[in-house]
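S.K.: This is the feature table in TrEMBL:
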BINDING   SER9, HIS68, GLY144, PHE145, GLY146, GLY147, ASP177, GLY178, GLY179, GLY199, SER200  substrate binding site
BINDING   HIS34, ASP36, HIS68, ASP177  divalent metal cation binding site
ACT_SITE  ASP36  active site, proton acceptor
ACT_SITE  ASP177  active site, proton donor
Amino acid sequence: MLSTVIAPSILSANFARLGEEVDNVLAAGADWVHFDVMDNHYVPNLTIGPMVCEALRKHGVTAPIDVHLMVEPVDRIVPDFAKAGATLISFHPEASAHVHRTIQLIRSSGCQAGLVLNPATPVEVLDYVLEDLDLVLLMSVNPGFGGQSFIPSALDKLRRVREMIDRSGKPIRLEIDGGVKADNIAGIAAAGADTFVAGSAIFNAPDYADVIGRMKAAVAGAR
Ligand SMILES: O=C(CO)[C@@H](O)[C@H](O)COP(=O)(O)O
């Protein structure tokens with residue numbers, strides 16, 4: 001089983017002090033930085049692009065940057081994020097005309113590739129591409145905003161994708177994103193996730209180390 005990763009979503013960080021927020025959350029025990037890119041087209045919100053990713057690298061961030069593209073089209077922006085220092089790039093199959101080609105593009109740009117399934121996207125979309133992926137990201141909210149509630153059907157989906165990954169025998173990460181909190185993360189881990197995105201639960205907490213520590217302890221108990 002792969003190691004546990006806690007990836008705070010900077011969507012809920014204070015953008016006026018972003019470098020400091022990222023430093024603080026990494027010092028508090030976070031493993032990755034989750035970087036939500038929204039285009040006001042694929043999703044009804046507008047956030048940050050490659051320049052901000054590059055700025056974080058120039059600021060001195062060395063942790064993996066986990067870029068979640070909620071943009072359409074996808075391919076045009078992939079090389080820009082690779083140059084800006086992204087470690088992983090994940091995208092939605094609905095936003096790419098050629099899913100396999102986009103995966104190859106991400107990998108040939110030097111990044112790891114992830115595919116993101118919305119709450120209503122069937123797991124069969126992973127057929128034929130699963131073994132080309134480094135990560136599967138299951139959305140447990142509809143993409144576009146932080147602070148939403150975890151959709152319970154994501155647990156069954158996690159179990160199904162966990163089985164698919166285990167059957168493949170490949171070291172593919174299973175990431176969950178949306179409504180993840182210290183008080184529901186154990187059940188999410190038991191359903192098969194190893195990589196946990198949490199935005200509001202971490203950045204709205206007064207003590208980042210305390211909440212990340214409680215999340216890691218709950219995951220360790222469940223796994
Ligand atoms: O991608 C998204 C939303 O589209 C997520 O990364 C959210 O930003 C997670 O926020 P919380 O639900 O943890 O507040």
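Each residue, glycine too, has its Cβ placed from N, Cα and C.
In TrEMBL, annotation is done automatically, which means it is predicted and not curated.
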S.K.: Provide, as an integer number of angstrom, the distance between the C-alpha atoms of ASP36 (divalent metal cation binding site) and GLY146 (substrate binding site).
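M.R.: If we compare the Cα positions of ASP36 (divalent metal cation binding site) and GLY146 (substrate binding site), the gap is 10 Å.
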S.K.: Secondary structure at HIS68 (divalent metal cation binding site) (DSSP, helix/strand/coil)?
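M.R.: Reduced to three states, the DSSP call for HIS68 (divalent metal cation binding site) is strand.
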S.K.: To which of the binding-site residues GLY144, GLY146, GLY179 does the lowest count of other Cβ atoms within 10 Å belong?
M.R.: GLY144
S.K.: Counting only residues 6+ away in sequence within the same chain, which have a CB under 8 Å from the CB of SER9 (substrate binding site)?
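M.R.: Expected: HIS34, ASP36, GLY146, ASP177, VAL197, ALA198, GLY199, PHE203.
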S.K.: When DSSP is mapped onto helix/strand/coil, what comes out for GLY146 (substrate binding site)?
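M.R.: DSSP call for GLY146 (substrate binding site): coil, neither helix nor strand.
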S.K.: Let me know how many other Cβ atoms fall within 10 Å of the Cβ of HIS68 (divalent metal cation binding site).
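M.R.: Around the Cβ of HIS68 (divalent metal cation binding site), 26 other Cβ atoms lie within 10 Å.
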S.K.: Once SER9, HIS68, GLY144, PHE145, GLY146, GLY147, ASP177, GLY178, GLY179, GLY199, SER200 are set aside, which residues in the chain still have Cβ within 8 Å of the Cβ centroid of the substrate site?
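M.R.: For the substrate site, the extra neighbours are LEU11, SER12, ASP36, VAL141, GLN148, VAL197.
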S.K.: Using DSSP reduced to three states, classify GLY179 (substrate binding site) as helix, strand or coil.
M.R.: coil
S.K.: Among the binding-site residues listed here (GLY144, GLY179, SER200), which has the Cα closest to the Cα of HIS68 (divalent metal cation binding site)?
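M.R.: Checking each of GLY144, GLY179, SER200 against HIS68 (divalent metal cation binding site), the shortest Cα distance is to GLY144.
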S.K.: What other residues of the same chain, not counting HIS34, ASP36, HIS68, ASP177, have a CB atom within 8 A of the CB centroid of the divalent metal cation site?
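M.R.: Checked against the 8 Å cutoff, the neighbours are ALA7, SER9, LEU11, PHE35, ASP66, SER90, LEU137, VAL197, GLY199.
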S.K.: Give me the long-range Cβ neighbours of SER200 (substrate binding site): same chain, 6+ apart, Cβ under 8 Å, in sequence order.
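M.R.: Listed in sequence order, they are SER12, GLY146, GLY147.
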